[in-house]
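For reference, the structure discussed in these notes is given below.
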Amino acid sequence: MPTVGLTGPLCSGKDAVVEYLETKHGFNAIFRLPQLNEDGEYIYRTGDLVLGSVDDLISYLTPRWRERFVINGIHSPRLLSALLKRPFFLLVYIDAPIMLRFNRYKTYSSLANTTLEEFCSIQDAAAFQSDNAGTRHRALANLLINNDSNIKLHLWEKLQKADLLNPNRFRPSWDSYFMEMASLAAKRSNCMKRRVGCVLVRGNRVIATGYNGTPRGATNCNEGGCPRCNSASSCGKELDTCLCLHAEENALLEAGRERVGNNAILYCDTCPCLTCSVKITQLGIKEVVYHTSYNMDSHTASLLQAAGVQLRQYIPPENSIF
């Protein structure tokens, strides 16, 4: 494990990435051959082995998921669709500034007279005018590498920083998983001031979720339901007139003391306020994990510490763009 698929525009540096993975991490390269099979599908090669179709390639990779492979150029929509379902696959989009790519393109003797306009037309056709358009690949990619230098060592340093073999890039940790759920819950928020989401967990099982907004039956905050949030009042001010329930309150109310039980963990994409922290301690939450700081963090930390509740900030994996 894993299989890395490389995609990206012409002359972006995919060959250099293959060289890095082969040299530094012992990957086996898989290349697309220029000819097609009788069904019009691409043919692939790894070492001396020729794989005559997408199905052959998938059948070859699946039982070898413990081995390391890099596919240089994903050109088949069917191949990409099949690989994206596999837990051992990582799609990496390699990009570079267009003038850098143009100058690389012209280094091929037979293409030295290509104009920039001609190169842009070739690039646009590949990016926008096919079922396998590059723009779609960019949207689906797990990682984006900007190869903005002609010095190979600079690209290799970026690849090392990207840590392609990090298991969290293939299957998220519990912290990443539940924080993503909290962020998803936040998208349901109707609060005009900020979106906040929360997930309550025990034994790695979700007990309840919550997001902030006006209570059941009331007009949504983003439809004028809370005058305070629809005004220009500052953060942390006039909270006594706010009609919105906080995400943590919603999750705790949904769960109740009996369902919370012992050793529950509360994940919230924003550090709980002091008022929510009081309720968190009362329900016996063991740990609070948050992502973004809030202006009451020190007060929250003091209260939770006094109550024996662990407070921890979640630091997500390194950015997906390098």
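Cβ from N, Cα, C; glycine included.
The Zn(2+) site recorded in Swiss-Prot comprises Cys273, Cys276 together with one of His137, His154, His246, namely His246. A simple way to gauge crowding: the CB of Cys276 (Zn(2+) binding site) has 25 other CB atoms within 10 angstroms, across all the protein chains here.
Remark: secondary structure over the domain 'CMP/dCMP-type deaminase' (173-311) totals 52 helix, 30 strand, 57 coil, with classes taken from DSSP.
Same-chain residues with CB within 8 A of the center of the His246, Cys273, Cys276 CB atoms, the Zn(2+) site residues themselves not counted, are Ala247, Glu248, Glu249, Pro272, Leu274, Thr275, Ser277, Lys279. Here the CA atom of Cys276 (Zn(2+) binding site) lies 6 Å from the CA atom of Glu248 (active site, proton donor). If you draw a 10 Å sphere around the CB of Cys273 (Zn(2+) binding site), it holds 20 other CB atoms from the protein chains shown.
Per-residue pLDDT, averaged across the domain 'CMP/dCMP-type deaminase' (173-311), gives 88.
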